[in-house]
């Protein structure tokens, strides 16, 4: 993992203000006062113990891979717990949906790490699909069915059809190189807000969810910070163990504490919502899951195709492209790789479309996206190894097929996951901030682009989501349901809004005049296939595969 040092110079071309002595302007004047140490920009993080293509020992890798599986579980269970009851499904249906989402997550992760970005990113389930899926659920809520289970199956078949057709949107914008062409408009200035809101935009899954059962969520958060950051420094022999596996240890301790509260009767006389959030036996997954079940194509029946459902899903497909792009840049930074070039982003989005097609064929409830929390785990453990993430697929496949074993871990109370997310999402957000070192962060023009992109990236989706929660539909509520779904889905996504605003402002506000301030001198070589010799080291296909793929797709 080679380190390259770049010095930043003062790019200001503005003369001193009239009437102000020249010596009072700039860094060296008498008004500046004492100066401390300065730090030059670093392309790679020195604190990474293992980068993208270096690996720990096999026992450590399996433990780290299992840790990635545990982190993946949280979002998977949240999505299934939110959607399946609204479809009319029971606990058994929820267990099967979770199994299918995990199974497809493993398949999509293997595809991306071998043939897509090749970054150590887990492909998890995306909340971006909740809005179009909720629209499909509403369409069938008043229809006459013999039972709630029939309504669930019919809704799943409609979701399958919408996922299958809308997947071609990502396939087209990916393999036509349209997304790669758009990514050439990026710069360090526009990437900072996108990566930041990839983490910040998920704040509702942090402390607000933790507070739903504060007696187990808050101890989890405090214990994780203390063990992983403070206790590891007490003795040299425990430093590595606590740095890499503190999350796993803390989950075990707090989960046992939650089980103790459950069996002691602490939640016997509380509200139903508190029982659901705090008790370890309220998920009903362990009793409902089958011992062995392999997800198979069209397991819910033949797909149902409706144009109105497809358009909403296409909006979600665009959103996941923006979300995954921001997550890939964070993953590259936390695994010691160069920023992903345009041709890598375009093939990854195309492959994500293929993954969405497979999700539709196998009957997953939502489409895939790059998991933000798993990227945060790379930074928490200081292990950015690609092989660790690939090994996590073994656990996802095993626990998706052997349902009883998977249901045991899926019964971890969600506030425990929320406490983990407070740390992991925060790490991804801070990783986004670190990209500003490659641009001139003393430029008022850059500060304007950053500030407006960040604020609108959080504020606009918050307005759309609050409006939907109160009114039962998004702010855009025309006679065209498909149009409503597309617009409401796009503007409910923080990374998508930040990407739109950031690239628009950065490429229209004196873009040519501020080429150096924008950091393009450092940025552009990484965006071309042969622009930097390290690009192939991190992103080339595995040996011999490149011989089988037409060069226009490489």
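The backbone N, Cα and C atoms fix where each Cβ goes, and this holds for glycine too.
Since this is a predicted model, take the numbers as computed values, not measurements.
The compositional bias 'Basic and acidic residues' annotation in TrEMBL covers 1-13.
Here TrEMBL flags 1-37 as region 'Disordered'.
Non-local neighbours of the transmembrane segment (66-85) in the same chain are 93-94, 97-98, 101-102, 105, 122, 124-125, 127, 130, 133-134, 137, 152, 205, 245, 247-248, 251, 283, 365-366, 371, 373-374, 377, 381, 388-389, 392, 395-396, 399, 409-410, 412, 414, 417-418, 420-421, 424; each lies 6+ residues outside the stretch with a CB under 8 Å from one of its CB atoms. According to TrEMBL, the feature transmembrane segment maps to 66-85 (among others).
Residues annotated as transmembrane segment in TrEMBL: 121-137 (among others). Using a Cβ-Cβ cut-off under 8 Å and counting only residues 6 or more beyond its ends in the same chain, the transmembrane segment (121-137) has close neighbours at 68, 72, 75-76, 79, 82-83, 86-87, 101, 105, 108-109, 111-113, 155, 158-159, 162, 309, 312-313, 315-316, 319-320, 323, 327-328, 331, 352, 355, 364-371, 373-375, 389, 392, 468, 474, 481, 485, 488-489, 492-493.
Annotated transmembrane segment per TrEMBL: 158-179 (among others), in sequence order.
What TrEMBL records for 185-203 (among others) is transmembrane segment. Tertiary proximity for the transmembrane segment (185-203) is limited to same-chain residues at least six positions away from its ends with a CB under 8 Å from its CB atoms, namely 322-323, 325-327, 329-330, 339, 372, 376, 421, 425-429, 431-433, 435-436, 438-439, 446, 449-450, 453-454, 457-458, 461, 493-495, 497-499, 501-503, 505-507, 518-520, 522-523, 527.
Residues annotated as transmembrane segment in TrEMBL: 210-231 (among others).
If you look up TrEMBL, you'll see 246-267 (among others) marked as transmembrane segment.
Look at TrEMBL and you will find 388-410 (among others) tagged as transmembrane segment.
The annotation transmembrane segment is assigned in TrEMBL to 416-435 (among others). Tertiary proximity for the transmembrane segment (416-435) is limited to same-chain residues at least six positions away from its ends with a CB under 8 Å from its CB atoms, namely 71, 73-74, 77-78, 188, 191-200, 202-203, 205-210, 212, 216-218, 220-221, 224-225, 247, 251, 254-255, 258, 326-327, 329-330, 333-334, 372-373, 375-377, 379-380.
The transmembrane segment feature in TrEMBL is assigned to 447-464 (among others).
Cβ atoms under 8 Å from those of the transmembrane segment (158-179) belong to residues 132-133, 136, 139-140, 298, 300, 303-306, 309-310, 312-314, 316-318, 320-321, 325, 343, 345-357, 359-361, 363-365, 367, 553 of the same chain, restricted to positions at least 6 beyond its ends. Within the same chain, residues 55-56, 61-62, 64-66, 68-70, 72-73, 76-77, 95, 98-100, 102-103, 105-107, 109-110, 113-114, 120-122, 283, 285-286, 288-295, 374 sit at least 6 positions outside the transmembrane segment (388-410) and bring their C-beta atoms closer than 8 Å to a C-beta of that stretch.
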